[in-house]
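Participant: Sharing a structure with you now.
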């Protein structure tokens, strides 16, 4: 398909007339003024091809490149314009400005001095020459500080250097190295990211970026950066070796989280154990694996195992609220409510606004208060994860043991009657899903204080609404259902 732009290029290649060249220059000027940079650039391409000896066409195309933020592309055009017209001061000044921003102080100085030689009173050239000289001194100071191992001073000096030469990759790479040595990889990443664009082939920066992201646990970002390195050279040994490691680990992490989302907790645990084997040397991944295994074990209601792993994870990351939350839930499963409250309170100190933590603390406090009254799990001697069959089995055993008919003295019968009522109440609550859910949330469904309307003065001690042991002498045949 032949587009108008194709025609323009063909016209230029075949040799355009002065009228056509003038038309391209005029169109380029209008489009540049209108901010239509790509279209303007196309016309200037045609003008340059139509007349490769016209210094102005190169200069104007350079102006479009600069407007597009492509200073590296503008530089050859400015140099060509200067070669065609050595006394073209505007091009000299513009090239000097670019070279200064790139950190090339000696070349920049030469351009500013050339302008001042022909125009001694040129104010901008004087100012820029002064900046070039200042930059040169700052660069020397930064390198001396770095050589001494004074990384803080190096960073401080490079702050001024980069302000004067923001397009200089060397200064950014040096500051990134200092940040790494000072233990601030995030700031190193902020310098290396633009540095990758300031060199034509900056595989070293892409590799370093990938390694930094990897060390911080940003495995997706790490994978993206190492792929950029391989785009430049797919046979780069260092980049390819790192790519294989990152890809393998990233796949395992994503797979583990997918298994958790599908509630396949045992498989997720196994996958996170693989993560620790794949990368045993970067603390982030071991810490993350321990945290998520802790979470999975709580979901599986493996309370004692969860408590061990969660405690180990907490030692590694004392301020991780997710670990504190999960350990609190493990304590709840073990009916250690005071410790659950302590963990939730500690988590809340680290994140006051977290709704999940607030709700968890409220529930743990209710369960603690409830446990000081009547704990149906403890009454039957079953865990909070016990199923209905386990509840009924425990109930039958205890009901048989504490049936009042088994006791002779009046005092023993009274004690047995009280225990028997509690056992029956526990069975009623824990075998009814709705009542059990209320109890697990910290509310006793048989507590008169929680009853709405609470008839009979709110004294409901016998769960079925009457006390079969009332009236002294009784003979009660009990069916253990």
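The backbone N, Cα and C atoms fix where each Cβ goes, and this holds for glycine too.
Got these off TrEMBL a minute ago, pasting:
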type	residues	note
SIGNAL	1-15	signal peptide
REPEAT	55-88	repeat 'TPR'
REPEAT	89-122	repeat 'TPR'
REPEAT	321-354	repeat 'TPR'
COILED	327-374	coiled coil
DOMAIN	375-443	domain 'J'
COMPBIAS	432-441	compositional bias 'Basic and acidic residues'
REGION	432-466	region 'Disordered'
Participant: Counting only residues 6+ away from its ends, which parts of the chain sit with a Cβ under 8 Å from the compositional bias 'Basic and acidic residues' (432-441)?
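Facilitator: Residues 363, 366, 370, 376, 384.
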Participant: Six or more residues beyond either end and a Cβ under 8 Å away: which residues meet both conditions relative to the repeat 'TPR' (321-354)?
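Facilitator: Same-chain contacts beyond the flanks: 291, 294-295, 297-298, 301, 303-304, 306-307, 310-311, 313-314, 360-361, 364-365, 367-368, 371, 375, 377-378, 383-385.
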Participant: When the pLDDT values for the coiled coil (327-374) are averaged, what is the result?
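Facilitator: 93, rounded to a whole number.
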